[in-house]
Amino acid sequence: MEPLMALAIGLLYATAIFMMLRRSIVKLVIGLLLLSNAANLLIFTTAGMTRGAPPLIPEGMSQPLGQVADPLPQAVVLTAIVIAFGVLAFAVVLIRRAYEIVKADDLDKMKDTDT
Amino acid sequence: MRPEVALPVLLPLLSGALSLMFWRSRPMQRFLAVAGNVALLGVSLWLFVEVLGDGYITMQMGSWPAPFGITLIADMLSAVMILLTGIIGLAMGIYSLAATGRGHEKFGYYPLMHLLLAGVAGAFLTGDIFNLYVWFEVMLVASFALLILGGERAQMEGAIKYVTLNLLASVIFLTAIGLLYGTVGTLNMADIALRMDQVEHAGMVEVLAVMFMVAFGIKAAAFPLFFWLPASYHTPPVAVSALFAGLLTKVGVYSLFRVFTLIFDQTMDYLQEIMLWGAVFTMVTGVLGAATQYEFRRILSFHIVSQIGYMILGLAIYTPLAIAGGVFAIMHNIVVKTNLFLISGITHRLQGTYQLKKMGGLYRQRPWLAVAFFVSAFSLAGVPPLSGFFAKFVLIRAGLEAEAYVATGFALAVGLMTLYSMVKIWNEVFWKALPEDNLVPAAQTPVGDDGRLLKPSLWLMYLPVVVLAFISLLIGVFAEPIMQVMNIIGDQLFAPDGYIEAVLGAPGDTEATVVEPLELDAEAVREPGEELP
């Protein structure tokens, strides 16, 4: 499972960076979206993928039997997803407003503040 | 239970929530902006005094023992940064009353300001690396919204660059956290520091260190990652600019100091060289960028970048004295840089423009404003006996002791160049006569919603400026006791054992510190205080 995930994550990062390097602001936001998804999957994978072993303690015992999945990265990913969701919602509104004002979907037309 | 550690985070959150509840009541929001920040300053003073007495103050959130729960910890560095947050927060609260337009107030300026301060304070106090990411995001989201408040074209363009690069930095940071957790199996910074020595895969540690350096480097606006800053910081309302200039990049610098003294101290052998040259180029490009500009706030923005170089130089030289000097530079810069932005806001109110060419004659019109600018600007350039001189003096002495002669030489030269920029502003804004084509006073008499002229209540803008200039003077006069505090910080950061012990308890105190990384899956859910199998 891990090699497959690694490939998927690498592909996501590559796609995200490619999209971010393009001039269109819509593609820029798509790139950001993919990038945060890639990071979330990475956290999920690096912490180790344990299959079918929920971190539950059987009744009457004080610690789980054998190897169980680590619940912490899942909590972390959940938090990260929520944050990414909020931030991306903002980014989408921002590009819409920017498009209304600048009237172009092109980063090269947004150089007024650079010089 | 030490509530003073959590209060600097909780109070601005509370003020922000209350402020949101009084969404329609402008007087109430304005009252909260001052009252909430007075309370924040009070609490931060309390925390500072307590830390000065005790060294470290920790608080385990929800009473979960250290490596499992989230720890809040205040060491001397955090306490000083929180104190500065309190000072700047109050200054901004008062200044905003006069500087912020009704339109901005209506769309949630004050709640966002409180949330931004909560994020900054949280980042300074947390002892958990993922929690640090969360506070960064709290701070960022508030700053995004503040940055586009008003919705002018320049703000949109600046915001796109600001948002993109900061999100990129956040994702790099998050990726690094994921890899770090996969490597050491914990998120508590003190616990990570302990386990970092046992990591067998040295290459992984190096990759992680560089990822953290890049992520925080973008947030701190270090060379070559600073381009978002001068493209965006001059676009929002001036009170927002000042708040950003004072606090936001410094959170990035703080994180660099924290992470590279606590977690990645063993990688400093070779990262030192990269950071040293990064710092030198940051100083030089920042100050050269400023030299070509003729817009008040853009000059100041480039100087933020330049000054970040001094702070990172302190970390890069990596001796207790250099770190003390770096923190001194952060402290002095927060006060002085905020003040310069506040002054640019007043001159804009008086003359209706930020273009230096169109300004002039303010030395005659407002001599006291000129004095306040003089103090802040020359302090920034490092003229004795003002605060900037001592920051630079300590850094340069540390540089000479560490035999980093080239970097030290650049630091001195950049000081001169800073003086050149500041003299340029002084000449154009205060000294020369007002050019005749300045169609001034449009901005001098803001008109209210009902069409009546509003009183340009300038004293509310002057008050924080005078107080901050005074603080800058005080830092210069009382350099000796402040330097003692800085030395405590240098020692604490350089020998992180105290920090680790404060978070995890003395070695052998709890079993939590002897958990083997490999058995983590089973251990993470073990009942605290129970026997190890």
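The backbone N, Cα and C atoms fix where each Cβ goes, glycine too.
As annotated by TrEMBL, domain 'NADH:quinone oxidoreductase/Mrp antiporter transmembrane' applies to B:128-413.
TrEMBL lists B:6-23 (among others) with the feature transmembrane segment.
Distant neighbours of the transmembrane segment (B:30-49): 4-5, 7-8, 11-12, 14-16, 18-19, 22, 57, 74, 79-80, 82-83, 85-87, 89-90, 92-94, 96-97, 105, 110, 113-114, 117, 121; these residues of the same chain sit at least 6 beyond its ends, with a Cβ under 8 Å from one of its Cβ atoms. Residues or ranges marked as transmembrane segment in TrEMBL: B:30-49 (among others).
Beyond the ends of the transmembrane segment (B:69-95), by six or more residues, the same chain brings 4-6, 8-9, 12, 33-34, 36-38, 40-45, 47-48, 50-52, 55-63, 113, 117, 120-121, 124-128, 131, 188, 190, 239, 242-243, 246-247, 250, 254, 257-258, 327, 330-331, 334-335, 338, 342, 345, 460-461, 463-465, 467-468, 471, 485, 488-489, 492-493, 498-499, 502-503 to within a C-beta distance below 8 angstroms of the stretch. Look at TrEMBL and you will find B:69-95 (among others) tagged as transmembrane segment.
Among the features that TrEMBL reports, transmembrane segment is placed at B:107-126 (among others).
According to TrEMBL, the transmembrane segment annotation covers B:162-184 (among others).
Outside the transmembrane segment (B:204-229), and at least 6 residues removed from its termini, the chain residues within Cβ reach (under 8 Å) are 136, 161-162, 164-166, 168-170, 172-173, 175-176, 179-180, 183, 196, 248-253, 255-256, 259-260, 263-264, 266-267, 270-271, 274-275, 278-279, 281-282, 285-286, 301, 304-305, 308-309, 311-312. Feature annotation from TrEMBL assigns transmembrane segment to B:204-229 (among others).
According to TrEMBL, the transmembrane segment annotation covers B:241-264 (among others).
Sequence annotations record features per position, and here TrEMBL assigns transmembrane segment to B:276-296 (among others).
Here TrEMBL flags B:308-331 (among others) as transmembrane segment.
For B:368-390 (among others), the entry in TrEMBL reads transmembrane segment.
The feature transmembrane segment is assigned by TrEMBL to B:402-423 (among others).
Annotation comment: TrEMBL describes B:459-479 (among others) as transmembrane segment. Remote same-chain residues near the transmembrane segment (B:459-479) are listed as 87, 90-92, 94-95, 97-99, 331-332, 335-336, 338-339, 342-343, 345-346, 349, 368-369, 371-372, 375-376, 379, 384-387, 389-390 (criterion: CB distance under 8 Å, separation of at least six residues from the stretch ends).
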Same-chain residues at least 6 beyond the ends of the transmembrane segment (B:402-423) whose Cβ lies under 8 Å from its Cβ atoms: 276-277, 279-280, 283-284, 287-288, 290-291, 299, 303, 306, 309-310, 313, 316-319, 322, 377-378, 380-383, 392, 395-396
Intrachain residues whose Cβ lies under 8 Å of the transmembrane segment (B:107-126), provided they are six or more past its termini: 5-6, 8-9, 12-13, 15-17, 19-20, 23, 29-30, 32-33, 36-37, 40, 70-74, 78, 81-82, 85, 89, 92-93, 96, 100, 132, 134-143, 145-146, 149, 243, 247-248, 251, 254-255
Top partner of the transmembrane segment (B:276-296) among B:6-23, B:162-184, B:241-264, B:308-331 - counted as Cβ pairs under 8 Å: B:308-331
Beyond the flanks of the transmembrane segment (B:241-264) by at least 6 residues, Cβ under 8 Å: 77, 81, 84-85, 88, 92, 95, 113, 116-117, 120, 123-124, 129, 132, 136, 139, 143, 146-147, 189-190, 192-193, 196, 205, 208-209, 212-213, 216-221, 229, 233-234, 271, 297, 300-301, 304, 308, 311-312, 315, 323, 326-327, 330, 333-335, 337-338, 340-342, 344-345, 493-494, 496, 499
